[in-house]
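Novice: The transmembrane segment annotation in TrEMBL covers 32-50, 55-73, 79-104, 111-134, 140-166.
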Amino acid sequence: MKLSTKELVICSIFASLTAILAQISIPIPFTTVPLTMQMFSVMICGILLGPRLGFLSQVIYLSLGLIGIPVFSQMGGGIGVLVGPTGGFLISFPIVSYIVGYFFEKYKNNILLLLSMLIALFISYIIGTFQFSLIAGVSFFKGLLTCVVPFLIVDFIKVGLAYILGKCIRKRINFKNI
């Protein structure tokens, strides 16, 4: 994958957006998973950058965290976060951004676009819950109750906000032509 300097800079800026929104983190008392704005950012990256650059922006974000830069929620960083209980959610970010970007690039049907965002969210839930269940030594169902159920309503709101904001920005700015 050959990248121009411009594309790399844009991806880095959007990786920074994810890092900044990760710091909007609210610990939830009954779960180890904090409430963050990361998924909102991940979806915005896909909507605005498309599948290729959206994916890359999240790979950059994960790479920064992997080498220890505190870009994850609650100023976390390092491999321990990625292999920890909630690391699966982080690992899903490039996939989520790619799926959302792919659908926004190929289709115009609003229902299909929202559905693609929900499918991407559920893929993140599956990957994240699977890793949580393995690390925590609990059943997948118990993992869902801990990692997903408390966040469903808020995550649906984030999907809706990302959809509305992403569509508005996309009408005004084409990040591929900057």
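The backbone N, Cα and C atoms fix where each Cβ goes, and this holds for glycine too.
Have a look at these and tell me how they're positioned relative to everything else.
Specialist: Non-local neighbours of the transmembrane segment (32-50) in the same chain are 10-11, 14, 17-18, 20-22, 24-26, 57-58, 73-74, 85-86, 89-90, 93, 96-102, 104-105, 117, 120-121, 124, 128, 132, 136, 146-147, 150-151, 154-155, 158-159, 161-163, 165-167, 169-170, 173, 175-176; each lies 6+ residues outside the stretch with a CB under 8 Å from one of its CB atoms.
Long-range Cβ contacts of the transmembrane segment (55-73) within its own chain (Cβ-Cβ under 8 Å, at least 6 residues beyond either end) map to 1, 3, 7, 10-12, 14-15, 18-19, 22-23, 25, 34, 36, 38, 42, 45, 49, 79, 81-82, 90-91, 93-98, 101.
If you look at the transmembrane segment (79-104), the same-chain residues 6 or more away from its ends with a CB under 8 A from one of its CBs are 18, 32-33, 38-39, 42-43, 45-47, 49-59, 61-62, 65-66, 72, 112-113, 116-117, 119-121, 123-124, 127-132, 135-136, 147, 166, 170.
Sequence-distant contacts of the transmembrane segment (140-166) (same chain, at least 6 residues past either end, Cβ-Cβ under 8 Å): 28, 30-33, 35, 37, 39-40, 43-44, 47-48, 86, 89, 104, 113-114, 117-118, 121, 125, 128-130, 132-133.
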